[in-house]
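Pulled from Swiss-Prot:
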- 60, 62, 92, 108, 133: S-adenosyl-L-methionine binding site (BINDING)
- 173: active site, proton acceptor (ACT_SITE)
């Protein structure tokens, strides 16, 4: 009974969520697009001509937002071609419906064959921005969940260290709780500037927080 009551309450909140309604109206696949939008508007992360990698991209709302942003500021040549001014690579273990102008690679970004596909798209350019909305499956056991969250953040940090340009940026989702301070310290070890962001589009009951790191301390 309690579970059914919880599900009914969540469904009611979801249906009446203004960001859900806005996403449906504006064609985004998930309300998460507005979290990235708010952070981008505050921190000016996305600019024309950039190479941007979206980790854990499915269902694709973050890539949709980036695509829309890069199409607004595109050069005249890109406009004639109907494309975007920049490069977007989305990666996920799960399948994702195609998005115009977004290169999607399905697979584990730690594996050589996936990295080879990424490098084929990127060429000899370094990545300007890595964004990650990845989240592990949580068990409700605090210690276990903290380890899983930290592991996902570690994967994004390692990817950023290997692929970002020196003045690049990494934005990842994490959760307040056990292990949060350790994740922040890892960001501070790797980046010159670190900030936490809690966009209004994050649900009030959610402990999710986004950590932004800029300018690598030890670029490869």
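Note: Cβ is positioned from N, Cα and C throughout, glycine not excepted.
Feature map: annotations from Swiss-Prot on the structure.
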residue : record                               : contacts (Cβ under 8 Å, 6+ apart)
60      : S-adenosyl-L-methionine binding site : 29, 30, 90, 96, 97, 99, 102
62      : S-adenosyl-L-methionine binding site : 32, 33, 36, 54, 131, 133
92      : S-adenosyl-L-methionine binding site : 55, 56, 57, 58, 104, 106
108     : S-adenosyl-L-methionine binding site : 93, 114
173     : active site, proton acceptor         : 132, 133, 134, 135, 208, 209, 210
**Report entry** DSSP-derived structure type at residue 108 (S-adenosyl-L-methionine binding site), helix or strand or else coil
**Finding:** coil
Query raised in the report: What does DSSP assign residue 62 (S-adenosyl-L-methionine binding site), in three states?
Result: helix
